[in-house]
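Residues or ranges marked as domain 'KARI N-terminal Rossmann' by TrEMBL: 2-182. Residues or ranges marked as NADP(+) binding site by TrEMBL: Tyr25, Gly26, Ser27, Gln28, Ser51, Ser53, Gly134. Feature annotation from TrEMBL assigns active site to His108. Annotation comment: TrEMBL describes 183-328 as domain 'KARI C-terminal knotted'. Positions annotated as Mg(2+) 1 binding site by TrEMBL: Asp191, Glu195. Residues or ranges marked as Mg(2+) 2 binding site in TrEMBL: Asp191, Glu227, Glu231. Annotated substrate binding site per TrEMBL: Ser252, in sequence order.
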Amino acid sequence: MAELFYDADADLSIIQGRKVAVIGYGSQGHAHALSLRDSGVDVRVGLHEGSKSKAKAEEQGLRVVTPAEAAAEADVIMILIPDPIQAQVYEESIKDNLKDGDALFFAHGFNVRFGFIKPPANVDVALVAPKGPGHLVRRQYEEGRGVPAIAAVEQDATGNAFALALSYAKAIGGTRAGVIKTTFTEETETDLFGEQAVLCGGASALVKAGFETLVEAGYQPEIAYFECLHELKLIVDLMYEGGLEKMRWSVSETAEWGDYITGPRIITDATKAEMKKVLTDIQDGTFAKNWMDEYHGGLKKYNEYKTQDEQHLLETTGKELRKLMSWVNDEEA
Ligand code: NDP
Ligand code: MG
Ligand code: MG
């Protein structure tokens, strides 16, 4: 069973006694910086020249300096910028500002797990990752609640790295909900696998294949869109609230029967065998290397795939249909 930690297990005074640099002010960065400050922590935000989020951070009462200045001032440095650029910012602005006993923090283990960032032996290296988007993390904190988080220590130079990570998690509300102990390896590999095989890759491929099957059989795209994409939200909401059991309790007996007999015809042993290969590519670093090559090579294939899917009948149909649904918050409409 997973080890869980709550408010009573974490000592807020540890992080209150440190100087924290939050590098980046995006989804996670704004939530961490504001909640750390509201928890009585000495925090500064590190942002690059020409940063769009700088004005917002300053408006919200935070002091903004360059990433290098933030790292030099602070003794806990939390890196909350996009994963593909972390290694470069680390090399240019952070590495030379690390002192004995400093702590380097992450919210995702990608760069450390795959060796793109190699911290020196004299600093703590830890992970505090809320299991939710930054805006939810901040809102829950303000409401006196919290989003569950996971925490891990990769390198314990001071002998106190986990207590420091728990203290940090407490300052952003994580221990109010519960913090699960993990490792950089487990967090990184399961995160990548989940988003590729199930959440993003698996789900979007399933939706597209179902939609195409109906349209190719002569059914109207609008009807296919409702059946294969729109209604997915209702199903996922039920799973989120009460697992597969609540979903099956809510749908008709006919739908439940179809679930049992047809699900395994769609996700077959061959699909699971492919999932295992996907996991191997993640574990042995193949995925990470290929992704970094793609990213730093100018995102050619990435943009090709993006354009292809933007032009898919599923997407053009949905764009029109969502205009009929006034309650759907549709920025493109
Ligand atoms: P964002 O994409 O939201 O971060 C954007 C921020 O990074 C902006 O403030 C941007 O500045 C800044 N930035 C961009 N380039 C630089 C640079 N060269 N130097 C300094 N700052 C820069 O990141 P997320 O919050 O999504 O992700 C941060 C980390 O948290 C990642 O490791 C991610 O895996 C992890 N994570 C994210 C979750 C999420 O919900 N998004 C959930 C859990 C973990 P500007 O725009 O002003 O130019
Ligand atoms: Mg991810
Ligand atoms: Mg139906």
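Backbone N, Cα and C atoms are what each Cβ position is placed from, and that goes for glycine too.
Keep in mind it's a predicted model, so treat the numbers as computed, not measured.
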Ser27 (NADP(+) binding site) CB neighbourhood, other CB atoms within 10 A: 18
Distance, His108 (active site) to Glu195 (Mg(2+) 1 binding site) (CA atoms, angstrom): 13
Gly26 (NADP(+) binding site) in three-state DSSP notation: coil
10 Å Cα neighbourhood of Asp191 (Mg(2+) 1 binding site): matching recorded positions from Ser51, His108, Glu227: His108
For the binding-site residues Gly26, Gly134, the one whose C-beta sees the most other C-beta atoms within 10 angstroms: Gly134
Per-state residue totals over the domain 'KARI C-terminal knotted' (183-328) - DSSP helix, strand, coil: 124 helix, 0 strand, 22 coil
Cβ atoms near Glu231 (Mg(2+) 2 binding site) (within 10 Å, other residues, all chains): 11
